[in-house]
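If you look up TrEMBL, you'll see 6-25, 65-84, 96-118, 130-148, 160-183, 251-271, 291-313, 325-349, 369-386, 393-414, 434-457 marked as transmembrane segment.
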């Protein structure tokens, strides 16, 4: 980065950290004791702080990456500062680890924005910096910077791994991918995505070569085929590519570090008899296809300032007019999936501390037909999603969609935290928005963050028969 841009970004990081520390102080004063999932995470980390690495809470479902990093950071600080007593590995000190990850996420997001939009001639310093700042304050992610959850660290290592992939450092990317998996097991999907981008690049080259030979200018490699003929043509090409030993060998020579991670993960699944470490009864995989539609709606809402405009809405209507049968077919498939594959987790119906509880109760349960009436919105959200990433290559888009389906569909529980990494990946690969749109996005995120923190701090309540203070959260 240029020196002037470096100064501005450094000042921004410092300001962001200061404001986050002030908010952190307020949240910690109001909620000193562990809350929600912290009731499991904090004691486990404190056990690690005392060297009890053989003890494990069976209610924890993730691997110990968060606790290992916490101990690795806190112990040297405690030794250098000569701290003793209850302050060592206290709830506040453990939560502070996520503020450090917040700084790391801002920096990695900035590097990703610079790398992914390197060729855009119209990009400016202000747009790059504001885009990174806005994404680092993405409401669902930003809220969990103030609690001891795995989300901040999981996001950091996943994005860092992808950044290394973009720079061609595949061994480093695979190692960072292992760190991401230690924070949350399903991050292995995004390790596979890193490898998938390499496969997609090879496919794009072969696709362009084939189109050039046939002189078919109507099938550019950057366009996702929204037609039956396009889908058939693409599928046949992919099968031919993957059945070619020379092509597979060429890909493996580059992507082998990710393959090693994948094999290691399969060994873990076999030895562990599943992906979940503990509390398996509450985290069973299923085919919950509407979860993908929930993500599309979620992405549409949070990307409104940068993705939706009058011209895009007009293009959608024109697309429906040109290909009515395709959109009717898509709507019918959505209706079928909503009808036959909607799964509702017991936590979603029982825990009124989470925002999804109210989304489900006041929207989906308002009427028995409500889930089906939302299908047109799903179709539009899906089209808008594909149109936003249209500048990306065909096979990159297919790899991303495959990983997105793998990350969302098996999840029975509607939990907005599970959408953090998929949404950031989607938003990062959109064309770099204009400055007014970025300001609109940042203002939207700021308003949502302010409202969320206000509700968490100020709108407490109690359950009948319980003296514990309850708070609303994502």
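Using the three backbone atoms N, Cα and C, a Cβ is placed for every residue, glycine included.
Tertiary proximity for the transmembrane segment (369-386) is limited to same-chain residues at least six positions away from its ends with a CB under 8 Å from its CB atoms, namely 224, 226, 290, 293, 296-297, 299-300, 307-308, 312, 316, 319, 327, 330-331, 334-335, 338-339, 342, 363, 397, 426. Sequence-distant contacts of the transmembrane segment (160-183) (same chain, six or more residues past either end, CB-CB distance under 8 Å): 62-66, 68, 104, 108, 111-112, 115-116, 150, 153-154, 190-191, 193-194, 197-198, 254-255, 257-258, 260-261, 264-265, 425. Against the transmembrane segment (96-118), stretch 6-25 shows more Cβ pairs under 8 Å than any other of 6-25, 65-84, 291-313, 325-349, 393-414.
The transmembrane segment (130-148) shares the most Cβ pairs under 8 Å with 6-25, out of the stretches 6-25, 65-84, 291-313. Taking residue pairs at least 6 apart in sequence, the transmembrane segment (6-25) and the transmembrane segment (291-313) share fewer than three C-beta contacts under 8 angstroms. Listed by sequence, the residues of this chain that lie at least six past the ends of the transmembrane segment (393-414) yet keep a Cβ under 8 A from its Cβ atoms are 186, 189-190, 192-193, 196-197, 199-201, 203-204, 207, 221-225, 234, 238, 283-289, 291-292, 294-295, 343-345, 347-348, 356, 359-360, 386, 421-422, 425-426, 429.
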